[in-house]
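Since the structure comes first, as structure tokens, the remarks are kept for the end.
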Amino acid sequence: MSGDENPASKPTPVQDVQGDGRWMSLHHRFVADSKDKEPEVVFIGDSLVQLMHQCEIWRELFSPLHALNFGIGGDSTQHVLWRLENGELEHIRPKIVVVWVGTNNHGHTAEQVTGGIKAIVQLVNERQPQARVVVLGLLPRGQHPNPLREKNRRVNELVRAALAGHPRAHFLDADPGFVHSDGTISHHDMYDYLHLSRLGYTPVCRALHSLLLRLLTQDQGQGGAPLPEPSP
């Protein structure tokens, strides 16, 4: 399926239905931020990326990596593609780009969402060939079992298979076990059964941080710069 046939992999800006221009303002701010920063790691995605920046664990684990957070609430794969094609990768040379997006692609099939994520990986590989890409798996959502959980699970299966053996891309299952044995998700982990609480972010971020350090260490062994020290 080509990008022309798959709306999830066709770069598209968000329609400004509210009329305040916030999405484009954030995009322009991210482009400006990239002009005077030298990040080791760039995060891009939807609200799960955006809200991570407000948690103490971001400052503990990711600020020492000089990480930039380019998350915008509500974004789908096609919106991230548009942002990446329009300047958010132009002025930086990160070692790793973390991608977490897809749960908002409500009108798209699991196969289409997978195509959108693959298009993002391909674009990052083309624009930032030195960088590794880490794709975080979509989380389960909803207090009780529902079709969106199954769709996200299927996306994860497809993306994992698509990236298997990829030399510069890695899939990380971000779910530490949010679904309990009775099929429910606790509001202590996801306060609205979609977005993570501070408690919910902790295991996700620690697993991601471990992977990032491992990848950065591998690159350091190949002649990269020394790693920054984590915060105490």
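A Cβ is built for glycine as well, from the same backbone N, Cα and C atoms used for every other residue.
As written in Swiss-Prot, here are the features:
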type	residues	note
ACT_SITE	S47	active site
ACT_SITE	D192	active site
ACT_SITE	H195	active site
MOD_RES	S2	N-acetylserine
MOD_RES	S2	phosphoserine
From the Cα of S47 (active site) across to the Cα of D192 (active site), what is the distance in angstrom?
13
Using the alpha carbons only, what distance in Å do you get between S47 (active site) and H195 (active site) once rounded?
8
Reduced DSSP assignment, H195 (active site):
coil
Reduced to three states, what secondary structure does DSSP give S47 (active site)?
helix
